[in-house]
Amino acid sequence: MTEWLILFLPFFAAVIIALGTQRYAKLSAAVALTSIIASLILTCRLGLPELFEGHFSTIEKSLSWITLPGLSFEFGLLINTLSFAMLLIVLVVALCIFYYSVEYMEGEKGFARYFAYLAFFTFSMLGIVLSNNFLQLFIFWELVGVSSYLLIGFWYEKHSAADAGKKAFLTNRIGDYGFILGIILLWTLSSTWQVETLNFLHLANYLAGAHSHSHETLLTVISLLIFCGVIGKSAQFPLHVWLPDAMEGPTPVSALIHAATMVAAGVYLLARVFFLFHQSPLALEMIAYLGGFTAIFAATQALVQTDLKRVLAYSTLSQLGYMVLAIGLGSAGIAMFHLTTHAFFKALLFLGAGSVIHMTHEQDMTRLGNLSQRMPITTGLFIVGALALSGFFPFSGFWSKDEILVLALHQNSWLYVIAMLTAFLTAVYITRAVILTFFGSSQAEHGHEPKQWMLIPMILLAILSLVSGFRVPEIMHQSLDHPVHWNWQVAIVSTLMTLCGIALSVWLYQFQPQIVVKIRGKFSGIYQILNRRYYMDDFYDWVIQKIQAPFSRTCSAFESHVVVQGLVNSTARLTGACGHWLRKMQTGRLQNYVTVFFAGVVLIIYCLMARVIS
């Protein structure tokens with residue numbers, strides 16, 4: 001019963017708010033916040049001591065869901081070390097964001113609606129974490145997509161917010177087409193087409209036998225199709241374009257999406273079914289290269305952003321690339337380690353940015369500056385998050401990032417170089433954001449520290465950003481059976497790269513801003529490419545306008561003139577003509593009916609006699 005309550009309490013909260021307390025803002029917030037606290041308490045009681053002691057027992061619960069002749073679907077929960085750790089991450093970050101939102105969204109139109117959406121979003125993510133089979137996971141996967149659409153477009157009166165919500169929803173559907181095809185092909189793996197094939201534990205046992213060798217090519221195709229869903233949800237190239245625009249939603253929503261829910265779902269899926277991807281070295285290699293490319297691709301774009309939230313958005317893209325890279329290099333444990341540390345420091349950074357925006361009503365960094373004098377606590381907390389993101393010792397990002405670097409060094413020198421260069425660029429762009437926002441010449445007209453409702457969650461996340469790097473690796477090792485690497489040489493090199501990136505950014509943006517202007521002028525072409533996001537959005541606009549739209553018009557014309565006019569309407573006209581002709585036979589005169597009857601009898605007799613004679 002406890003396991004089901006953990007999942008459904010946020011759902012019940014969303015329903016209660018939507019149907020009962022929507023008119024009462026504070027009560028709605030209390031209902032949502034209480035549901036998250038209760039789920040977190042139940043989760044801790046379920047097995048927190050066992051998790052840290054290293055002997056967490058797998059729990060699987062299931063209920064009969066759909067029963068058909070010869071076929072039955074179950075609704076099930078699977079809780080092992082991996083899913084339990086992810087439960088804690090999601091609920092802790094969600095609790096911080098729910099608590100923070102009470103103050104941030106105060107007085108906002110749709111306050112209760114916001115908390116209903118937020119609770120439903122959390123429920124959907126918990127469903128992904130706890131699902132024990134692909135079919136159920138896909139349903140919750142789509143619910144996360146719907147929830148993100150509602151939250152990104154929360155301020156639907158703004159055209160930009162409404163468009164961003166639609167962009168996120170449609171872009172994710174592209175990847176999900178591949179995902180559902182992969183699930184269908186996976187279903188065909190066993191000759192009996194049993195639903196049990198989609199159960200994670202059953203599938204792992206099936207592939208652990210000799211069956212995997214007979215399906216090697218098919219498993220590669222399935223792995224890549226399932227990875228298409230990850231590309232969309234975790235915003236990997238080329239389906240990354242929705243994530244920067246998702247900044248149109250409220251900042252706490254951005255924190256939840258970027259830290260522990262939507263974009264983390266893809267990486268979690270890769271870790272959950274890593275036993276499947278492990279069967280295909282080719283798929284893993286492609287995943288590794290795409291992750292490495294996305295990491296440096298996004299980091300370069302973050303260098304030129306002036307919107308504070310967009311800098312953090314591109315940093316999320318880059319860090320997700322790191323996680324996908326780790327999966328591709330064969331370590332789901334290290335990927336989940338970085339997902340954990342990233343969840344805490346990225347939530348901290350977004351909430352810090354939210355405090356700045358809430359207090360100054362400005363998110364363009366060129367119009368901010370010197371906020372450290374008026375918002376010293378927020379400044380200090382944001383710097384903690386920035387140092388963790390940069391991978392600065394001893395913050396959590398240092399430990400998880402270095403695990404990825406060591407892994408890359410041992411397996412692929414090119415990817416190691418890309419990962420190390422990305423680490424340098426990360427230090428540059430996040431230090432630039434700190435300086436432009438909190439130091440330098442003051443541009444902001446006003447600003448002061450937020451209330452405790454916004455500060456307390458940030459302080460908790462700052463503590464987690466410092467300490468989560470020490471115990472998490474062992475937990476992930478327990479769940480995914482991958483040894484934790486350590487290499488002092490790599491640690492020293494990465495630390496030097498981080499220090500060089502910080503020093504370069506401080507020198508350029510704090511002491512020599514005129515050099516930045518000169519560099520921008522001298523390399524205006526490169527700056528334009530980065531500022532226009534490598535023209536990816538322009539390319540998609542061109543594809544839609546020049547290819548997709550004409551193709552759609554052609555299909556519409558074919559459907560209208562050939563299918564509707566040619567087939568449907570012609571069939572209707574033929575039916576009408578036949579009916580009109582037959583109607584003439586219905587005269588109401590008995591002698592006409594008798595004449596037709598005898599004519600028919602004569603015709604039948606004639607046919608029979610002709611057959612006998614022949």
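We count from 1, first residue shown onward.
Each residue, glycine too, has its Cβ placed from N, Cα and C.
Feature list (source: TrEMBL):
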type	residues	note
TRANSMEM	6-22	transmembrane segment
TRANSMEM	29-48	transmembrane segment
DOMAIN	65-115	domain 'NADH-Ubiquinone oxidoreductase (complex I) chain 5 N-terminal'
TRANSMEM	77-102	transmembrane segment
TRANSMEM	114-131	transmembrane segment
DOMAIN	131-426	domain 'NADH:quinone oxidoreductase/Mrp antiporter transmembrane'
TRANSMEM	137-156	transmembrane segment
TRANSMEM	215-232	transmembrane segment
TRANSMEM	311-337	transmembrane segment
TRANSMEM	343-360	transmembrane segment
TRANSMEM	381-399	transmembrane segment
TRANSMEM	414-441	transmembrane segment
TRANSMEM	490-509	transmembrane segment
TRANSMEM	593-613	transmembrane segment
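Within the same chain, the transmembrane segment (490-509) stays apart from the transmembrane segment (593-613): fewer than three Cβ pairs sit under 8 Å, each pair at least 6 residues apart. Look at the domain 'NADH-Ubiquinone oxidoreductase (complex I) chain 5 N-terminal' (65-115): DSSP puts its residues at 29 helix, 13 strand, 9 coil. Restricting the average to the domain 'NADH-Ubiquinone oxidoreductase (complex I) chain 5 N-terminal' (65-115) gives a pLDDT of 88. Through the fold, the transmembrane segment (311-337) approaches residues 82, 85-86, 230, 234-236, 240, 243-244, 246-247, 254, 258, 263, 266-268, 270-271, 274, 277-278, 284-299, 301-302, 305, 346, 349-350, 353, 365, 389, 399-401, 403-404, 407-408, 411-412, 415, 419, 422, 425-426, 429-430, 432-433, 472-473, 476-477, 479-482, 484-485 of its own chain, all at least 6 residues removed from its boundaries and within a Cβ separation under 8 Å.
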